[in-house]
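Asker: Shown below is the structure under consideration.
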Amino acid sequence: MTSTASPTTPPQLPIDGARLIERLSALASFGGSVKSGVARESLTPTELAARHWLAAHYATRPGYLVGVDAAANLHIRRLGQYDELPFVMTGSHIDTQPLGGWLDGAFGVMAGLEVFDALDDAGLRTRRSLQVVAWTNEEGSRFSPGLMGSQAYVQPQALAGYLPVCDARGESFGQARDTALHAFDQAADAGGWSCFAPEPAQPVHAYVEAHIEQGPVLEREGLALGIVEAIQGVRWYQVVVPGRCAHAGTTPLVDRDDAQAKAIALAHALLSHAAEAAQAGDDALRVTIGRWACQPDAINTIADRVSFTVDLRHPDAHVRDAFDRLLRRLAPDGSQITLLQDKTTTAFDPALVTLLGEAAERRGLAARRMVSGAFHDAMPLAGHAPTAMLFAPSLRGVSHHPEEHTHSADLVACTQVLADGLLALAEPMR
Ligand SMILES: [Zn+2]
């Protein structure tokens with residue numbers, strides 16, 4: 001944050017919780033419902049209809065502009081008194097997995113828009129402009145990888161690499177993007193919308209993203225809110241263990257080179273390592289073996305090749321390095337270990353984390369600092385602007401599933417802290 005303004009009485013902005021929940025439920029009707037889950041993959045006709053429904057609420061209201069950028073990210077801007085100052089940004093994504101829940105990223109977008117309505121209710125102007133963004137293709141289920149929109153915003157040259165990426169039916173991201181831009185122009189013309197052309201990589205004063213936790217920690221600890229100070233690092237490995245094919249009935253154990261037996265022993269050792277770390281008090285180490293394949297995959301033949309993946313996550317690079325050494329030491333002779341992805345931990349802005357923590361305290365909310373286990377649009381943004389996140393508790397930690405849910409009171413509390421934080425950052429006019 002570049003601001004030096006620090007009001008003696010931090011501002012508080014009352015939000016309308018009932019309106020927030022009602023509009024979140026209405027958004028869920030684009031592609032599903034609160035109860036049955038939502039199918040609203042990126043840049044599908046359903047998602048475009050939802051975007052236009054959102055934009056239409058603000059596009060003809062005095063003091064607002066709407067626009068899409070080259071990655072089809074939807075921006076809704078509430079003009080501040082000094083629009084030339086670096087602006088305050090919030091938002092998330094409204095695309096879902098093929099069948100996801102009603103909250104995931106939708107909550108962060110609707111929370112930001114509720115802040116706009118609360119500001120309007122209060123008749124408050126801010127010095128800085130505020131911008132809510134619905135980022136394109138966060139999920140990565142239709143076009144891989146995820147986080148395309150937010151990544152292309154902070155690093156515009158990345159877009160060229162995304163345009164040729166095709167979905168399962170052969171439509172490219174570039175085609176879907178063009179359709180989205182065209183549909184937006186049509187909706188804007190028909191509705192008489194006030195538009196602007198959002199440029200990528202503009203100076204952003206601060207980015208705050210509200211999201212559901214998608215894990216069980218807050219609910220288990222009986223807390224209302226998470227103040228997120230980092231996104232943990234992740235490494236993806238592909239491990240291939242070799243063996244030699246032979247007959248299951250005729251080959252004595254001593255004569256076997258069994259790829260399955262060796263791979264299972266290795267996988268077991270890696271999972272045990274994580275279990276031992278948890279027993280010793282480090283519950284942040286996550287080791288997941290998600291894919292497993294063997295050759296020739298026959299019931300009565302000893303396998304000559306097993307390949308499996310490892311998803312490793314921990315906030316501390318030393319712990320990730322130690323796991324790497326363990327994997328390479330235990331891997332049987334002749335194994336191939338390929339590092340598919342290596343993302344370091346993303347640390348959020350300490351001053352912004354403190355500001356949000358204090359806002360939660362003033363609202364009397366039970367909150368804790370935490371590290372995000374999943375990626376979010378805030379990850380690329382953190383390399384561009386002071387960034388932090390707020391988490392609302394997820395019931396039983398369920399997400400990317402129709403049963404994804406959060407108590408209304410918790411959604412409202414999280415939005416309230418977002419509102420107080422954004423108002424402080426955008427600086428209310430006295
Ligand atoms: Zn999300």
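Glycine is no exception: its Cβ is also placed from the backbone N, Cα and C atoms.
Here TrEMBL flags His93, Asp104, His211 as Zn(2+) 1 binding site. The Zn(2+) 2 binding site annotation in TrEMBL covers Asp104, Glu139, His400.
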Asker: Determine, using Cα-Cα distances only, which of these binding-site residues is closest to His400 (Zn(2+) 2 binding site): His93, Asp104, His211.
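Answerer: Checking each of His93, Asp104, His211 against His400 (Zn(2+) 2 binding site), the shortest Cα distance is to Asp104.
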Asker: Setting Asp104, Glu139, His400 aside, what same-chain residues sit with their Cβ within 8 Å of the center of the Cβ atoms that define the Zn(2+) 2 site, listed in sequence order?
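Answerer: Counting only non-site residues, the set is Asp95, Thr96, Gln97, Gly100, Gly101, Gly105, Glu138, Ser141, Ser399.
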Asker: Given the binding-site residues His93, His211, His400, which one has the fewest other C-beta atoms within 10 angstroms of its C-beta?
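Answerer: If we count Cβ atoms within 10 Å for the binding-site residues His93, His211, His400, the smallest count is at His400.
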Asker: Using Cβ atoms only, which residues of the same chain lie under 8 Å from Glu139 (Zn(2+) 2 binding site) while being at least 6 residues apart in sequence?
Answerer: Glu41, Ser42, His93, Asp95, Thr96, Gln97, Gly100, Gly146
Asker: Who sits close to Asp104 (Zn(2+) 1 binding site): which same-chain residues at least 6 apart have their Cβ under 8 Å from its Cβ?
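Answerer: Listed in sequence order: His93, Thr96, His211, Ile212, Gln214, Ser399, His400, Glu404.
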